[in-house]
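Enquirer: Take this structure first; my questions come after.
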Amino acid sequence: MADRNLTTVEALAVLQKNSDQLFLVVTGLFVFFMQAGFGFREAGSVRSKNTTNILIRTMLNVFISGIAYWSIGYAFAYGTPSNFFLGHSNFFLSLPVVDVTHARWFFQFTLAATCVTIVSGALSERVEFAACLVYAMLISGFLYPVVSHWAWAPTGWLRTGAGDKGLVFPNFSRPLFQDFAGSGVVHMTGGAIALAGAIMVGRRIGRFEGRRAVRIPEHNVPLVSLGTFMIFLGLLAFNVGAQGTISRSGSGEAVSVITVNTIISASIGVCVCSSPGLVAMLMKRVGILGKPNWTYLSAANGALTGMVSVAAGCDMVYTWGALVIGTVAGLTYCVWSRLLQALRIDDPVDTIAVHLGGGFWGLVAAPILSRNGIIQEVSTMNLKVRFDRFLPTIKRVFTKEKKQKS
Amino acid sequence: MADRNLTTVEALAVLQKNSDQLFLVVTGLFVFFMQAGFGFREAGSVRSKNTTNILIRTMLNVFISGIAYWSIGYAFAYGTPSNFFLGHSNFFLSLPVVDVTHARWFFQFTLAATCVTIVSGALSERVEFAACLVYAMLISGFLYPVVSHWAWAPTGWLRTGAGDKGLVFPNFSRPLFQDFAGSGVVHMTGGAIALAGAIMVGRRIGRFEGRRAVRIPEHNVPLVSLGTFMIFLGLLAFNVGAQGTISRSGSGEAVSVITVNTIISASIGVCVCSSPGLVAMLMKRVGILGKPNWTYLSAANGALTGMVSVAAGCDMVYTWGALVIGTVAGLTYCVWSRLLQALRIDDPVDTIAVHLGGGFWGLVAAPILSRNGIIQEVSTMNLKVRFDRFLPTIKRVFTKEKKQKS
Amino acid sequence: MADRNLTTVEALAVLQKNSDQLFLVVTGLFVFFMQAGFGFREAGSVRSKNTTNILIRTMLNVFISGIAYWSIGYAFAYGTPSNFFLGHSNFFLSLPVVDVTHARWFFQFTLAATCVTIVSGALSERVEFAACLVYAMLISGFLYPVVSHWAWAPTGWLRTGAGDKGLVFPNFSRPLFQDFAGSGVVHMTGGAIALAGAIMVGRRIGRFEGRRAVRIPEHNVPLVSLGTFMIFLGLLAFNVGAQGTISRSGSGEAVSVITVNTIISASIGVCVCSSPGLVAMLMKRVGILGKPNWTYLSAANGALTGMVSVAAGCDMVYTWGALVIGTVAGLTYCVWSRLLQALRIDDPVDTIAVHLGGGFWGLVAAPILSRNGIIQEVSTMNLKVRFDRFLPTIKRVFTKEKKQKS
């Protein structure tokens, strides 16, 4: 089926480029489908009367994000020329098609829509319809693009700053900021906006009695379950797609390792979050008074937090690292969830705990647990020598100060 | 993992061919899944009593289409030898496997099933079970294959006719018929059969009171929403898969551009269809008496119509072209929907408006808005020169006529 | 996008390897999603009170399988060194990443989870939560890995034994055991464990009145339908993914043929299982007293059994072979389903009939119907010659015996 007039080298280059674009498009399709997953999880978790409203809003959010990310968002994120803060060209994708621009637009658009939809989850049942549309435009047109520019565009300050390897620890060869698949860029950004929004819109009536949280039960567990599984699928594809290319040496291995790490982190996350429920169930069974308090959402959120947390380093950690990340992610989720309840912040599907909490832990964990990360460096570098250098420096500082005083 | 005994050139050719086949299979999987989406949208939109019936029928339609398209359909569509009207060989896929035949069968089978399932939507709640099976066989075994032969097989009259570039406008280098991803072949065909069927089977009792349409509310919005999102996913993959190959020079860019255009067209389509609802909502809010009349279906149908309309030219229009197509598609849908109601034709999920209306507009728009399309030609060609040529021709014609009269 | 410092040959090898890994990852994503499908089918089929329980269990099963298959399962299945019975290295995926190991882990993990989830279906509504988790660990950590080692690892006894081509029929060049996509390894294994389990846990109260089976109606047909379609999608991807590689000569054709065969087998399977219902419906219509007894589940199970049965030989049978396999699979399902009812074994979603019955038939059919299979051999080999050789041998044997007697 190849074009007859291409040399082998050219034909291979074409196939490489096409494979990269198809890779982004196919993974983007899965992430696109995930938007519906967020909608179903939210719609099933709240009171039945708001279902239709939420589902229409979810759909509109996706497509409004499409318009906003096309018209201005992509330009702010990846337009060149650009500065450390944002890009400012290729508005409306008006420049001629170059290589993977359009494929990357599609994949990045699905991430922008994800960011919007994360926020929606936390504000569920309490926001005017029109307001939703406004923040969808704002997030996908400006906030998410700018943050993604910082971390992922060649000129973004988080990326160039990450290149200053010796900034904090002069001996480390690894950068201290790494965000492979958006633990920070997508999840923390979404989670932080959600937190701000949830504080602003206040609590649902009846959600808290005095200081005590009252559980508003989900009205449709199958819908929640469907949504959750669609998110699992989407986040897997999200982490995979963040690799961005499939033609380079090592891309295949990276993609494979990413799936393994994501599954392992999610698996241990769900186990950690389910263990209290399981223990309670067993205790009740052997006669000890247990209070079995385990819902579909809390178990599922453990897995989601695991996937969110591992995203930042999923290409660079060993599988045992993913296990550590997932374990702590499960605990992180439980702590954040209880903390938000104690602060009387109403978050119907624990979006903030999952995305802000999980994303933050992911950003912290990635540089520590990566291959050649901090643990690796600390365990291999000659600590004594450094200490030798460190003490004299301190002495000199103090000596200088004394000299100046005298 | 490569075979050791292939030269580099051969191994590359193998990889190219395999990639093309995998491309069709993977996009076909998404389109296959879309069938269930149509089923859910329909089942959720009608009265609860008919749900099971519709879901069984949807499933049977898919598999009956499998048998019919395998036994005779593919032969009518793509069998060679063939004439301008239909093909007539390779019944039962009995010829030896050559290149992409089987992959193309799978992808085309999913389109045939789509055509069947489009018709089902319009006849919902009013057709005998057995009749459904009969028309499923008829459409996927004969009607759709023949139409797809016209437009997509090398000998089809619409395709060869499209080669007669100067047929209508002698100066245009672009053909006047183009249907990249089935706006006409799949959607209009399905929509037209649906229209005929809907007229034949008549109206549901209680759907119209005198001339006034009575809305029969959907019984399960989450199901409608799930179905709709599965259709979004499927139509995206449908338009992408229509590219047919991923190994050629430019396929990757085409695939990327297609996703962008499809998203943009759907996005603006949903905005157009939602704006009356939004305006009504705002008017009500500021105190003016509004009649908020917006349902999940009508908003979603705007996006679907956008996707359907852009299909014909999604590889050839600029993004601004997709925006124009989507905008008009949204309006088109509203007009068709009201028109059918005024004609007292009962179409439970507005299938005819979406697929016939949207498909027709797509066929009209594609040759106008494509790169090198009519607008492009008109705006770049030297009109004066043409006019110079045009006037003498007319003069001569009239002079001749006069001469003949005299 | 290619690395600049690779030669064309190296760059091609990289692309081949990456494509293979991406192939496994993408098909694995679909199979991963299928787990939810099994959950929904089961949850919708049983009584409403058990829905949440089943959905939580489904999710936990997937992730517990993740931990178990990672820690010990993959080592038992594919670790080298290995013996004919199991492998015993690469526990916790601790060995350095080599080629497709991680991608294969992901794909195989989804199959292990499938095996677990098959068992769950048969034990629905009658098993303690904790017991489920234990058998999930056992199956995905040990039982499935060992069986898959037998058939798919290079040293497994079923695979090496299959190499002894002349074992039973000395003239056949085809092995007698072939299991391309797990008719035996996944489906029969799961079905057999499910049968043992269903006998152990007994019947639901009210399922049988004396010898008569009482149908416990599904409480949510849309959920069943959604689950079923997700399983269709998953099994298609499962059979495709079993090809394991997309870069070799013929992989593309194999993948294409597999999709066609799977669709055809499922199509005829559903037709066979639906025909009694259809006939009853028609009889009732023409006035003869019919008892229309057709449910979504029974029709869908026909398609599933077709997909399960064709798996073993889907890369090697002609399409007419798939038609034969699917037809018999449909009948097989009906027989097994009635047999289990007669034996008063309670299997809520007919899992055993589908997976054990269908899988067994698939294993039988594959070596018979494959290209170069038993039918092919028998029909082409010179029977006369063989007979000529055969008779003298027998004569000699008898003569010898007589001689020895004398």
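Note that the numbers count up from 1, one per residue, in the order the chain is shown.
Backbone N, Cα and C define each Cβ position, glycine as well.
So TrEMBL lists the following for this protein:
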type	residues	note
TRANSMEM	C:22-40	transmembrane segment
DOMAIN	C:23-374	domain 'Ammonium transporter AmtB-like'
TRANSMEM	C:60-79	transmembrane segment
TRANSMEM	C:105-123	transmembrane segment
TRANSMEM	C:130-152	transmembrane segment
TRANSMEM	C:180-202	transmembrane segment
TRANSMEM	C:223-242	transmembrane segment
TRANSMEM	C:254-282	transmembrane segment
TRANSMEM	C:294-312	transmembrane segment
TRANSMEM	C:318-336	transmembrane segment
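Each of the listed features needs to be described in terms of its position in the shown structure.
Expert: Under 8 Å from some Cβ of the transmembrane segment (C:22-40) lie the Cβ atoms of residues 54-55, 57-59, 61-62, 100, 103-104, 106-107, 109-111, 113-114, 117-118, 120-121, 223-224, 226-231, 233-238, 240-241, 243-246, all in the same chain and six or more residues away from its ends.
Same-chain neighbours of the transmembrane segment (C:130-152): 57, 60-61, 64-65, 67-69, 71-78, 82, 84-87, 108-109, 111-113, 115-116, 119-120, 123, 158-159, 177, 179, 182, 184-186, 189-190, 193, 197, counting only residues six or more beyond its ends whose CB sits under 8 Å from a CB of the stretch.
Note on the transmembrane segment (C:223-242): residues 23-24, 27-28, 30-31, 33-34, 36-45, 107, 110-111, 114, 180-182, 186, 255, 258-259, 262-263, 266, 296-297, 300, 303-304, 307-308, 310-311, 314-315 of its chain, located 6 or more positions outside it, place their CB under 8 angstroms from a CB of the stretch.
Sequence-distant contacts of the transmembrane segment (C:254-282) (same chain, at least 6 residues past either end, Cβ-Cβ under 8 Å): 181, 232, 235-236, 239-240, 242-243, 246, 290-294, 298-307, 309-311, 314-315, 317, 319, 321-323, 325-327, 329-331, 333-334.
Within its own chain, the transmembrane segment (C:294-312) has Cβ neighbours under 8 Å at 45, 178-184, 186-187, 215, 218, 221, 224-225, 228, 231-232, 235-236, 238-239, 242, 261-262, 265-274, 276-278, 280-281, 322, 325-326, 328-330, 332-333, 337, 349-350, 353-355, 357-359, 361-363, 365-366, counting only residues six or more beyond its boundaries.
Counting residues 6+ beyond its ends, the transmembrane segment (C:318-336) has Cβ neighbours under 8 Å at 260-262, 264-273, 301-302, 305-306, 308-310, 350, 352-354, 356-358, 361-362, 365, 369-371 in the same chain.
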Enquirer: Using a Cβ cut-off under 8 Å, which residues of the same chain at least 6 positions beyond either end of the transmembrane segment (C:60-79) come close to it?
Expert: 32, 35, 86-93, 104-105, 108-109, 112-113, 116-117, 120, 132-133, 136-137, 139-142, 144-146, 148-149, 152-153
Enquirer: Quick one: average pLDDT across the domain 'Ammonium transporter AmtB-like' (C:23-374), no decimals.
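Expert: Residues in the domain 'Ammonium transporter AmtB-like' (C:23-374) carry a mean pLDDT of 89 in this prediction.
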